[in-house]
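*Asks:* One structure, pasted below without further comment.
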Amino acid sequence: MSAGRAHDRMVGMLLIDQLVKRHGTRTVLDHVGFEAHPGRVTAFLGANGAGKSSTLRILLGLDRPDGGTALVGGRPYRSLRDPLRTVGSMLDGSGAHRARTARDHLAWLARSNGIDRRRVGEVLDQVGLASSARVRVGRLSLGMGQRLGLAAALLGEPQALVLDEPVNGLDPEGIRWMRGLLRDQAAAGGTVLLSSHLMSEVADVADDLVVIAGGRIVAAGTLAELTAGYDRLEDAFFALTSGDGGARR
Amino acid sequence: MSVTGLLAAELRKTVTLPAAWAGIGVAVLGSIALTVLNAVTTRSAIDAGTPERVANTSAFEAAFAAMPLGTVGAVVLGVVMISSEYAANAADAGGGRQITATLTAMPRRMSLLAAKVTVLVLLVIAVAAVTLPTTVGIANAVIGGAATETVTPEQALLRGLGGALYWALTGLIAAAVTLLTRSGLIAPIVLIANNSVVSVSLLLTNLTPLAHWLPDLAGRRLFAGMDTVDGGLAAGPGALVMAAWTVVFLIVAAVVFRRRDA
Amino acid sequence: MGTRGLAAELDKLRTLPAIGFAIVGAVLTGVVIAGALVASAAAAGTPASVVEIVLAAVPFVQVPIIVLGVLPAGQEYDGRQIATTLVAMPDRARALAGKTMAATAVVGLGTALSVGAALTTGVIAAGVAEVTLTSATAPWRLAGAVGYLTIIGLLAHVVAVALRQLVPALVATLALIVVISPLSAGLTEHARWLPDRAASQLYADTDALLTTATGPLGALAWIAAIGTLAAVRFIRLDP
């Protein structure tokens with residue numbers, strides 16, 4: 001079944017190429033490009049406001065780039081049929097309306113992509129929200145809202161996961177659980193792209209690193225390559241992002 | 001925090017909200033637009049020799065007819081001052097609401113509420129002080145000497161002040177209702193709908209004269225001359241009844257606000 | 001996907017408490033206003049027909065219908081749900097079509113229930129209060145009232161999509177329909193071209209220029225114009 005596996009690899013591959021995004025006269029993304037491969041956890045590192053979320057929003061078809069392309073398995077996200085079955089994503093917490101219950105939120109999402117209703121209960125169990133299924137989203141804590149966002153990402157059993165700051169607000173047990181989840185996804189041949197500014201978290205889970213500063217990619221490679229010559233990832237990060245003055249404007 | 005510091009903080013918070021400017025814009029620009037429309041219609045009716053086509057040729061009345069838009073503006077101001085505190089920002093679960101920051105910066109809730117009330121009243125007065133002279137000026141410029149003014153300057157001043165008072169009281173009720181419900185939906189629905197021509201309160205007066213004691217109808221005579229309802233309270237007692245309603249709403253909201261978790 | 005989008009939007013509306021409150025509000029408004037109108041007619045001793053009473057309740061019932069029309073699109077912008085919706089349904093035109101169909105369905109439901117409630121209340125209350133009933137003039141106007149209210153609900157929907165905010169959309173639509181429209185009707189005959197005035201020819205048929213056919217067309221032109229602007233914004237702009 002090598003042809004089928006090759007197909008799976010294609011489907012899960014994330015390709016960002018020469019992305020440019022401007023807000024007025026401010027250049028938020030300046031020819032950003034990198035890849036995230038199936039079977040690997042790719043960490044997208046950068047300071048607050050460096051352009052991580054802008055890149056992910058374009059990848060997910062929310063914002064339009066002023067130049068360049070972002071492709072999921074060779075296709076723009078907006079052309080995907082039932083995208084939640086291909087890419088599971090989480091931006092900015094739960095993304096649910098405050099007045100709806102956690103279960104109802106997942107139920108309409110499942111319906112919109114033709115996902116079996118059974119998955120709603122399964123992902124609620126998986127993220128540890130089964131007992132809060134009927135709680136209104138506005139009453140969930142920050143960490144629980146984060147878990148609901150993850151449940152939505154896992155709903156369609158996607159080949160790729162795109163997560164913006166996934167460990168935000170999670171307790172130590174939750175962070176450990178998240179690490180296992182990401183490793184399992186990659187081990188099963190899935191693609192994982194996560195953005196983060198937490199170096200210690202990333203060092204424990206990532207295979208590949210992409211570092212962005214001031215809207216430009218300043219480094220990309222495997223964890224071993226980028227940290228070579230430094231004691232810790234954090235030292236490498238600061239050397240990469242501050243050493244090159246041209247990265248900031 | 002000092003009283004002036006508190007007031008300055010609340011004023012700054014309000015005037016940096018785009019929605020607050022939408023409310024101010026509705027009151028000022030909307031009233032000007034309606035006044036221009038009204039005054040031009042009146043002028044053309046006079047020039048055509050058919051002044052009976054319009055209800056009134058007075059320039060003051062032409063400007064004053066736009067008063068209900070000021071009420072809409074006051075309701076919007078009252079609502080957004082409170083609802084902005086409870087609107088969720090980026091993180092939709094958990095404590096991502098401004099009220100948390102507000103209450104940690106200003107933990108004395110009654111002083112906070114008093115500051116909000118003061119800022120709201122000041123803003124409404126400022127809006128009235130801009131809107132009323134501007135619209136009356138425009139109406140006078142358009143209609144000018146073509147018609148004789150039937151409203152004396154004393155009456156005009158009194159009704160202008162009465163109208164501004166009505167705006168302020170309605171805005172305060174809107175703020176109190178929004179604080180009680182923590183939702184920006186209820187107050188605009190009830191107050192804008194009910195202060196219009198299709199007033200439920202007005203319909204209720206057909207059933208019971210007690211309906212004249214409802215806040216909007218009690219204060220209606222503050223506009224005297226416009227949409228005058230037969231019966232009901234005179235302007236003075238009516239204003240007192242409406243003010244009493246406002247105080248009751250504010251006290252109930254304050255008690256709930258004080259006891260409730262943020 | 002087209003039907004899935006509609007089904008997902010209907011799921012959203014079904015599980016949003018505000019929709020339930022607005023529908024209950026629409027029914028209660030129909031009941032209370034029809035009851036009050038019958039009681040006033042009985043008190044004044046004026047003969048009335050049940051149809052007239054229901055039609056007189058329409059200007060009040062339109063307030064909860066506006067709320068129902070604003071909510072399907074407005075809820076998306078009350079928080080960050082819009083991003084979730086567009087990630088799940090990235091084809092903007094299809095997402096908007098599904099949402100508009102769902103909005104039409106919920107507005108139609110609210111309209112039918114509130115007009116039905118007003119009619120039932122009118123019949124029962126007229127019997128109880130012993131109002132002199134005149135023979136019903138033009139019962140087809142009841143269907144016109146349903147059509148009028150549906151148009152008002154759709155107008156609220158396109159305003160919400162265009163403004164991309166909940167409370168401003170609600171305030172703008174309410175201010176236009178229940179404040180500016182009646183005010184300007186007293187000032188100038190051109191007010192007949194306002195969407196609600198034009199659409200009201202469906203059940204009121206009082207205008208000298210617009211007819212039962214051209215009036216609603218004028219209102220639909222408003223909806224088409226605002227809807228086009230709204231659709232372009234929805235499809236082209238970043239959320």
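Using the three backbone atoms N, Cα and C, a Cβ is placed for every residue, glycine included.
TrEMBL entries are annotated by machine, without manual review.
Sequence annotations record features per position, and here TrEMBL assigns transmembrane segment to C:21-44, C:50-71, C:102-128, C:140-163, C:170-188, C:208-232.
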*Asks:* Checking distant contacts: for the transmembrane segment (C:208-232), what same-chain residues at least six beyond its ends satisfy Cβ-Cβ under 8 A?
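*Replies:* Beyond its ends, the transmembrane segment (C:208-232) has Cβ neighbours at 93, 96, 144, 147-148, 151, 154-155, 158-159, 161-162, 192-193, 195-196, 198-202.
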*Asks:* Against the transmembrane segment (C:170-188), which of these stretches has the most C-beta pairs under 8 Å: C:21-44, C:50-71, C:102-128, C:140-163?
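*Replies:* The listed stretch sharing the most Cβ pairs with the transmembrane segment (C:170-188) is C:50-71.
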*Asks:* Same-chain Cβ contacts of the transmembrane segment (C:50-71) under 8 Å, 6 or more residues past its ends?
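*Replies:* For the transmembrane segment (C:50-71), the nonlocal Cβ contacts are 13, 16, 18-19, 22-23, 25-26, 29-30, 33-34, 37-38, 41, 103, 106-107, 110-111, 114-115, 118-119, 122-123, 126, 133-134, 136-139, 141-142, 145, 148-149, 152-157, 159-160, 166, 169-170, 173-174, 177-178, 196, 203-204.
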*Asks:* Please report, as numbers and ranges, the same-chain residues at least 6 past the borders of the transmembrane segment (C:102-128) whose CB is under 8 Å from any CB of it.
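*Replies:* Residues 6, 9-10, 12-13, 19, 22-23, 26-31, 33-35, 37-39, 48, 50, 53-54, 57, 61, 64-65, 68-69, 71-73, 142, 145-146, 149-150, 153-154, 156-157.
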